[in-house]
C-alpha cells in the first residue's frame, strides 16, 4: 500500500509566532490519521519550528539550491537544510517556475542533488489551462532525466493543475484521478510498472476541508499538497481525518 500524505505548503505566510503557535496547537490535538502529516514554513522559520516539532509532523523546506555552497545570493542549499535537520523538501512548485523562471533543467538538478543526498522530495508537476495532458509526460521526462531508479523510493509526486492553484477552482475527483492514473502510465514508461504503482502521487489545487473527502475516496490520489487551507490548524486536523 502506498503511503498517504497531507502536506501544508505555507508559502510566504505566517510570522514566527504564528508558525510556532500552529505547532503547539497541533500537539494539543493529536490527529487520528494513517497519513504522514507535514508542513512547509518559510526557510527562516525552519530552525525554530524544528525545535518544537513533534515526531508525528514532518518538516519540509519549500525549495533548495542544487549547489552545496558558493556565490548564489539569496538561496539556501540542500546541504544547509540538512545541517539544520531538515531532510524533506518541495521542488518544482509552479510558483517557482512562474515567478523565478525555473526551468525543467534547473528542477532536474535540484531533484537530483536532493535525492542523492538522501532527502525526501515532493516534486510538483502540473499543466496550465488548455495544455494537453501529454505536457506532463514531457515535463516528467525532463525533470527525471538521469535520476536512478534506486532514488525513486524517496520521491513523492504532487500533481497540481496550475489553473487550480489559488483560484478556487478544483479538478473534479474524476479528472484528478484519471490524470494521476495517466502519470503512473508515464512513470511506467520512464522506469517500470512497479515504480509507477509504488510512488505516492498527491493532488493539489484549491483543496479544502469541504472537498477533500470526495477527492480522498478516489483510487489513485495518495494524499494532498495544500496551500491556503493548511494555514488554520483546526482545518488541517479536519483534513487529516480523511485518512483516519
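Cβ atoms are placed via backbone N, Cα and C, with glycine included.
Look at Swiss-Prot and you will find 9, 10, 11, 166, 206 tagged as substrate binding site, backed by sequence analysis. If you look up Swiss-Prot, you'll see 93 marked as active site, electrophile, on the strength of sequence analysis. As annotated by Swiss-Prot, active site, proton acceptor applies to 160.
In sequence order, 93, 94, 124, 125, 126, 203, 204, 205, 225 are the residues of the chain that are 6 or more apart from the residue listed as 'active site, proton acceptor' and have a CB within less than 8 Å of its CB. If you compare every pair of Cα atoms in 9, 10, 11, 166, 206, the residues listed for substrate, the longest distance is 14 angstrom. It is 9 that, of the binding-site residues 9, 206, has its Cβ surrounded by the most other Cβ atoms within 10 Å. Of all the Cβ atoms in the protein chains shown, 21 others lie within 10 Å of the Cβ of residue 10 (substrate binding site). Contacts of residue 11 (substrate binding site) defined by a Cβ separation under 8 A and a same-chain sequence distance of 6+ are given as 62, 95, 227, in order along the sequence. Listed in chain order, the extra residues whose Cβ falls within 8 Å of the Cβ center of the substrate site residues 9, 10, 11, 166, 206 are 13, 165, 226, 227, 228, 230. The C-beta environment of residue 166 (substrate binding site), restricted to residues of the same chain at least 6 apart in sequence and closer than 8 Å, consists of 206, 227, 228.
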